[in-house]
Every structure is written in structure tokens, then in C-alpha cells.
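Chemist: The annotation Zn(2+) binding site is assigned in TrEMBL to 239, 384, 388. Annotated transmembrane segment per TrEMBL: 85-106, 221-243, 255-273, 285-306, 318-336, 348-366, in sequence order.
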């Protein structure tokens, strides 16, 4: 009897062992299944598998992320999918403009200290142009012995007024004044001297200019830089996170459209403010108009229908019309300042900027080149990536125009 009990117990234990093995096998199989399910779930999918809110461009056939958790989405910035370059083109653009903003803020003209001014005669001597030194010191005889900044200003004003080079003290243009201060006959002596002379004039002018001018306000310029950075960062964030859920996609797209409107609106601020700073009525009129137009565009973009693929052309057209409205202040500027080189220079930059934005909007609306070869440009080269590159190029062109405006108004004022 005891043996039977032991046999039964052993059989039960053996059976229990088999049950345990089965449970371990099932758990192992279930664990592998979960890992496989996760692997499949977070794979890239094809266009036809997407939920409706992610279907935007039927010519990009694959490499989509859909329904991923935020952790995987954030890490996907370092992986390859059809949004990788959309994210990085504008993320790099954001850091570019952040660097330019810091650099420009640090380069705002400041007052040159007296020790710097005292080195001017040494700079002239190192040029090995005795005639240039003598002529310049004749124009400003007290330069080597100037005890303080105010006396230098008085000496420059007195010297130039006596030479009839300064029509009005309120309209000083330092580079031109110093150029006139150095006779043109030196420019025709020989090629080498002429090159050195031009460089010397520019160096001396750049050194002395901050002493005589008060830097113009920078807020319109930095408003544009802020608008550009907001647009680029919002766009990059939108392309990275929109695949998480329909609600987050809705929010991100609104942020993206707001960024575009902000970039276009703030792009008007430097040309309008610096062109019409001496005409307050027109300055306020143009700034008010573009600000209201930008706010109106943002409000329209909040409508759910605005993000649907059917309204792609309308979206591009609306932003294009916003940019095109800048033609009015540009033409007005040319009428007022047709004889100013800076007006022509900045207009050239603005036309180039408009070309970049216009071509970008056209590429975006037509969805080329992927329209011609669906599936061939899923990873790189599709229309939205080209649009991003053109936006950064246009914004950088406008930044260069802004530098011209700052230099113009710093030196000339109204």
C-alpha cells in the first residue's frame, strides 16, 4: 500500500513536472509571440495600410510609420523612413538660424574704445603708402593726437564741413565721407596701390563708423529670425510626431501651418520697417496689414478641412498669395529710393527669396518628382523634402537682405 502511494505520488509529481514544462513552453512561446507582435507592429508599412488621417500623398508608396508609441517615434529620428529627411532638413535649418541669430546679436555695432582709435595712424603706416597716410592726416590733422572721442567727432565734422563734403550733420554716411576724404587720384596711380587703397578705406571706415552712428533698432530683424526658427522647428516636430495618433497629428499640423504663416508674416517686418521708418504712416499700414493677414491665415488653418489632401492646392495658394502681397511695399520702396544702391541690393535678394518660395510652393502642390515615378522617391528626393530645402534657402536669402537693411540704416538713418 505504501508502495502504491509512492508510485501514485511519483506519477503525480511526474505529471506535475510535465505540466510545468508545458507552462514554460507556452510562456516562452507567448513571450516570443509578443516580441514578434511588437516587431511587426512597429515595422514600416505601405500606403494602403495607413489610417485615413495619415494618407496625404499616394505617390509615396512605402516606409511609413503608423501608430507608433512616442518612445519609438522619438528614436526614429535616427532611423530611415520616408519622413527622415523631412525632419532633418528643417531641424538643421533651425540650428542654422539659431546660430545666425546669436552671431548677428553679438555683431551689433558698438562704440569703439579710444585705444582702438589710437591705432589708426599705425594701421595707415603699415599700408606702406606714404601718400595715403599724409593725405588722410591732412584731412584729419589732429588724428594722431586726439585726446578723447568727442574731440575726434568735432574734428571730423569740422574737417568735412570745410571741404563741403557734409551737406547736413544728420545725414552722415561714414563710408562715403571717408572715401571722399581720400582723393580719387590715388585710385589711378597703379593697380597694387589701388587695391590696397580700397582695402584701407574700407578698414578705416569700418573702424570709425561705430563712433559716429547709433545702431538702429533690431526688433524687426530678430522678429523675422524668431519667425523662421519657429517655422522650422514646428515643421520638424510635426513630421516627427504626427504618426503617433490622429489627435496628435491634428495638433501638429495646426502648429506646422501656424509656423508657415509666422515665417511669411515676419519676413515682411525688416523690409517694411527699415524701408519706411521715416514714413510712419506707410510703415504702420504695411506692418498692420501683413500681421492681420498672418493671424487670419492661422485661424483658417484651424479648420479640420484645411488639412485634407483635397485642399493641398488651396493651402499652397493661400501661402503663396501671402508672400505675393509683399510686392506692394517692395515696389513702393523702389519708387522712394530708386537712387539708393541698398534699395536695389535688397530688392535683388527679395526677388531671389520669392523665387525660392514660389518654386517650393509649386513643387509642393504638384507633388513632383514622385508623381512621375511613384515609389522611387519614398526615402529621398520627394516633393516635400525639396520644398523644405527651398524654404531654408529662401529664409537664408532674406537673412542676407536683412543684414543690408541694418547696415544701410545704421549708417544713414532716415
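In case you wondered, yes, glycine gets a Cβ from its N, Cα and C as well.
Whatever TrEMBL says is automated annotation, not expert-curated.
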Chemist: Cβ distance under 8 Å to residue 388 (Zn(2+) binding site), same chain, sequence separation 6 or more: which residues?
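Modeler: Counting only residues 6 or more apart in sequence, the Cβ neighbours of residue 388 (Zn(2+) binding site) under 8 Å are 85, 86, 89, 90, 93, 235.
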Chemist: Taking the Cβ of each of the binding-site residues and counting other Cβ atoms inside 10 Å, which one has the highest number: 239, 384?
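Modeler: Top count of Cβ atoms within 10 Å goes to 239.
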Chemist: I'm a bit unsure how to read this: which one of 85-106, 318-336, 348-366 has the highest number of Cβ pairs shorter than 8 Å with the transmembrane segment (285-306)?
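Modeler: Comparing 85-106, 318-336, 348-366: 318-336 has the most Cβ pairs near the transmembrane segment (285-306).
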Chemist: Let me spell it out: take the transmembrane segment (318-336), skip the flanking residues so only those 6+ beyond its ends count, and list any with a Cβ under 8 Å from a Cβ in it.
Modeler: 260-261, 264-265, 267-268, 271-272, 275-276, 279, 282, 286, 289-290, 293-294, 297, 300, 343-344, 346-347, 350, 354, 357-358, 361
